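**Student:** Handing you this structure, nothing more for now.
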Amino acid sequence: MSPKFAIIIGLLIRLGLIAYAEIQDKYFNLKYTDIDYSVYSDGASYVVDGGSPYDRHTYRYSPILAYILIPNVWISSFGKILFSFVDMLACVFMQKMVKSTFLLNLWIFNPLTIQVSTRGSSDTIIVLLIYVMLYLLKKERYTWAALIYGFMVHLRIYPIIYAIPLYFFIDSHQPERIYLGIISKNKVKFALISGGLFIGLLILFHFIYEDFLFQTYLYHFTRKDNRHNFSPYFYQIYLSFESITRTQATLTFLPQFLIVILAGLKYYRDLPFAMLIQTLGFVVFNKVQTAQYFVWWIALIPLALQNTKMNNKEILMLSIIWLILEVQWNFGSYYLEIQGQDVFTMIFIQCVIFFLSNTYLMIKFIENRKPSEFYKIKMD
């Protein structure tokens, strides 16, 4: 199957599921559409009515997302269709750099990634921006890549973790451009443009919406969430929710930051791999994990694992096992949310198993990595 044909089939599957979602949402207790999609839509409705998207409780995204989804006010599935098209557009940029049809199909036909976009997650926008940025970096078009990166971090704060490998990657193939081992014209240009755009948008929306800064960025650093999720932290937070201080909540970021810094410094020449390990470590050790977060690192697999020692069969088996573990957690979630049963202990055990499996996966990726430099990868 050619990449273009696979992308078309992938899009048709997604559009079919969006149509099916209308039926499940109407006739079943277990809704297909993600709750975040309702939050986006409500935020867009408030904007149309002349208000702030932050008037909607739990809206913690850039106002730009609400602007983009204004058509949702009249066409309820608009956002899902948009996210699915964006998902496949990201694949167009993937196939320019990913020469393995198997790895490309691992994204296109992955049940989790299909579900995330068709349930209404906006994270496919970030996936597209990441691949556009990587493509531009390969072309050494640093100004445009910096603009994409600055806008990406504005939309979703987590890509800020890529700042270290991005900075050290730029011009790493031409050391004569670099002064004092860390400074070059292109490095400084990228940092100033991306940082300038991010800060400019931050100032703009801070003046327009007084809740913007806290709800979009600061909230995530002090977040205390006692709802069940994939993180093993959830059970401890659930049992001692009232006694947890904001300082304790913030300290949980330390393991994440350690992995992000070390992986960024060690693997920056192999930029997609550095970003994969950073993101996987960031998600695995995060105090809150939802299915959308897995998309952040799964999206990088097609490009990052092109030079792995693992063969396609091994990668496929790991993927299937991971999906089985992810699905088994959802059974516990179903009994808790839908059936109202007290299965917190069972879910906690499932979370620990899932945490260990993700940690093993990260180690497996590192052990089987072949030294590579992203600048040397050929692309269309």
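Heads up, the Cβ atoms here are built off N, Cα and C, so glycines get one too.
Note that the coordinates shown come from a computational prediction; the quantities given were computed from them, not determined experimentally.
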**Student:** In TrEMBL, one of 89-108, 249-268 is tagged transmembrane segment. Which stretch would that be?
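**Tutor:** The listed stretch tagged transmembrane segment in TrEMBL is 249-268.
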**Student:** In TrEMBL, which of 120-137, 228-245 is labelled transmembrane segment?
**Tutor:** 120-137
**Student:** Honestly, do the transmembrane segment (144-170) and the transmembrane segment (315-331) touch, with at least three Cβ pairs under 8 Å and pairs 6 or more apart in sequence?
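**Tutor:** With fewer than 3 qualifying Cβ pairs, these stretches do not touch.
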